[in-house]
């Protein structure tokens, strides 16, 4: 404070021509003494412990009181003086309210949900722990015990605290203590070997070098807590070590300081019982290492420094006014070190803390390592920020381990909510804590680790994949219907009549059924949809391939059977082709009837595929029946491919066998790749794979066989003649005609 006042008095910019005076009182941290001195100061009857030699030009009137670093005496001062002069008080150090909340978030960050707590039995400890407890409960942290202690308490109270700690199961202790209480407790904790605990400390002791020196048994190694951010005030160290500036400020203050620092006396009575060495005034300060020269206290000095400057800036704005509180509240300035100073509506500065970790070195000395920062002004997810540094702490402190997937919490009777047993969820339910799709109401501490119904998943029309497959199915249906209309309109032309137009129309009709049967695979599985989807698929595809097989057999036999007396029409006429298609299809119908009567497909719930979902699917019932249907389709497809391949080079300008060969090649390729894709696809994706195979093979047949014909019908009508269809090489067989 003296350093700041001297700077201000020597400044030509701040309060020019005005000299700040001061009075310093030592309250010894005692609330009663603080209140007594404050009342005396307000009444003008203050005890002048350090008289000033400078003469004042006007009666002394106190404009501001710089309080103590601890909360209890300062709050008492503000309460007493408020009704007379000061409606409230302002801080340059963050409120302990923010520190308490920051400590709770720090504990939560490391997963410590089962902790104990010790607090100083005064406003600092009680209010701070109350805020911590409230925040901790919201974060799902439980206190196994919370005990209070004051440095004047009897030794029995300390032994009671030690028994409580030893009987507990938590491994983390929240110590919301002043350094004075911590100094008393650390001695007893060391004596009783109270080691193996993770200490989380408040700013009062976590950065205190004297506490670290007293911890000779390293009870507090690995402690972590919050500290006021490090600061540097240019010139302050030199001022402290400058004997002349201190001596010139006040002779009595200098004498007391010097005698205490070097344990000597300037003048002492010869009758004194304890004779000390005489002070010369020229002792070397640079060689002294104690609390007076400890620059680790610079953050505290800096807050006093900023407080003095806040008062000075307010006085600078209203030199003629006696009430300066509202002007101090509006103060907003930057110190020479770049620190921004201002107060919010509560009179508090922006809360910012460094996270300190006690890390022992090889020589046994504890180093205060800054491992992170807590800044209340940042977004919630960025307030607590850790640096990439190693930490020392006890890894786990929980009352009960987290419930595994498939189980739920059951609270233990008479114990906090952090203590519970885990019991199995019912079938079809899941632990809400492991549920990635749970609604926000399950995110609260009260409803976490409860059993909830798993999400039922199936391929629906509403989702993108289902909608796209539905659109593709309907598009294929409309496309096939358009081809039917074209063929019907030009049914008397040569290209439509070639190779049995009746089979062509039947083939187009079966393709429409193939496109539409894919829709039965979409939607929530039911008894009828499970049976319909596989049987409809099997029968319609056999009908389609039977038509193609009839076409290729006719073409092949017509051109192969050219010997005398062979009547192809007798053996491969319209009736025989119809019977061929009917026979092949009837076999598939019989297979499906046997399947449905013995072990039909049925809707089932798959709990094993995903942990948090139920897959609604159609079980095959009889795998033999399913693969019999697929296998029969495969046999017919292979036969059709072989016949079409043999007939591909027959002398026809428009040989349909070439088109059938290419279409069956695509058909077989699709269904061969379908098998491994179907087996390896999970849940609803296996259904999507089957639908894709149905649509791909159907489009392959439609495009490869009928689009070239439509192209000639619509765009090349000059080629749609019998002469062009037969070609010159067909003169020898033009008597063979099958329509």
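Cβ from N, Cα, C; glycine included.
Just so it is clear, the model here is predicted, and its values are computed rather than measured.
The stretch that TrEMBL tags with transmembrane segment, taken from the ranges 464-490, 599-625, is 464-490. Across the candidate stretches 464-490, 502-523, 626-647, 659-679, the maximum count of CB pairs under 8 A to the transmembrane segment (579-598) is reached by 626-647. A Cβ distance under 8 Å defines the sequence-distant neighbours of the transmembrane segment (659-679), meaning residues of its chain 6+ beyond its ends; these are 548, 551-552, 630, 633-634, 637-638, 640-641, 644-645, 648, 686, 689-690, 693, 696-697, 700-701, 704-705, 708. For the transmembrane segment (626-647), the list of distant contacts is 534-535, 537-538, 541-542, 545-546, 548-549, 552-553, 555-556, 559, 584, 587-588, 591-592, 595, 601, 620, 655, 657-658, 660-661, 664-665, 667-668, 671: same-chain residues at least six beyond its ends, Cβ to Cβ under 8 Å. Confidence over the domain 'G-protein coupled receptors family 3 profile' (465-729), given as mean pLDDT on the 0 to 100 scale, stands at 82.
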